[in-house]
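A.B. asks: There's a structure below that I have some questions on.
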Amino acid sequence: MVLLEFLGKLLVGVLAMVAIAGWLFLDREQATAVPQRSWQRLREIAPHLSLLVGVLALNRVFRNLGQELSWMLGWNITGLIYTIEGDFVALVQVIATPPLTVFFSFVYLYGYVFLATFPVVAYWLLADADPIQRTLVAYALNYGIGLVFYTLFVAFGPRNLLPNTVQELLYTAYPQSQILTSTVNTNTNAFPSLHTSLSVTVALLARRTRDVYPGWYALSTGLAALVVVSTMYLGIHWATDVVAGALLAVASVRLADRYHDLPRVGELLPERTRVRTAERRND
């Protein structure tokens, strides 16, 4: 019941943010044309959306199984990460204040979900299906590649390894969020930071549509930076996780480009066959 109540508040908050951003950044004429293009757009993105849904389903199935495999492999890199950066996250938390904790907790929860959601709405409205197709594939790659890392490596976050020096600030501001985070994730999946990878992915893709949505490009870049900082400020991720997440974002965007540019089955057919197929559809 507590989880459903928290999810309800999160949903309402994110929808409000999407509505405000839509009012600020989106074209009203494009929005009114959505009903006429909906089925066409669904057909255009069906393979890409199916890929994302499939990867998310796989993530859910392997969430617990993957953790068991991680312990079987025994590749615990938590100590290595701590050797690399030491008490950096604890130093970040030196600036912690109650108002700042509330702010970064809001960014981590509401800002992150909004950041991942709004591009799908914005790119749906564009006449060109290319941006939304690449976005869906990039999201799928983030989750898919992330799942591989989470399965291969055991990596506890700084709040788990250093409870005496790193505080769990998120649960101070939003105690109910502990139920949500334990439902969708495990403590051993710190490397890489998926919050970072998805946020940076959104910012990288927003740069490509900055001529159409300049306001969204500015907002997404700034909000992505805040999400990245929030992961360390709240003691959830190491700086190493953040760097790995940023690299994952770059790789996901580039791989999404390659996937999108692959020739489709219809394009591989001889010209004469494609013409005959088109003629049959018109008959």
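Every residue gets a Cβ built from N, Cα and C, even glycine.
This is the feature table in TrEMBL:
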TRANSMEM  7-25  transmembrane segment
TRANSMEM  45-62  transmembrane segment
TRANSMEM  74-96  transmembrane segment
TRANSMEM  102-124  transmembrane segment
DOMAIN    135-257  domain 'Phosphatidic acid phosphatase type 2/haloperoxidase'
TRANSMEM  136-156  transmembrane segment
TRANSMEM  215-236  transmembrane segment
A.B. asks: Counting only residues 6+ away from its ends, which parts of the chain sit with a Cβ under 8 Å from the transmembrane segment (74-96)?
C.D. replies: 152-156, 158, 161-162, 165-167, 169, 190-191, 229, 232-233, 235, 237-241
A.B. asks: With Cβ distances under 8 Å as the criterion, find the stretch in 7-25, 102-124, 136-156, 215-236 that has the most pairs with the transmembrane segment (45-62).
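C.D. replies: Highest pair count goes to 136-156.
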A.B. asks: Same chain only, please: residues at least 6 beyond the ends of the transmembrane segment (7-25) with a C-beta under 8 Å from a C-beta of the stretch. Say none if there are none.
C.D. replies: 31, 109-110, 113-114, 117-118, 121-122, 180, 213, 215-216, 219
A.B. asks: Are there residues at least six beyond either end of the transmembrane segment (102-124) with Cβ under 8 Å to its Cβ atoms? List them, or say none.
C.D. replies: 10, 13-14, 17-18, 21-22, 25-26, 34, 41, 131-132, 135-136, 139, 169-170, 172-174, 177, 195, 198-199, 202, 205-206, 209, 213, 216, 220, 223-224, 226-227, 229-231, 233-234, 236
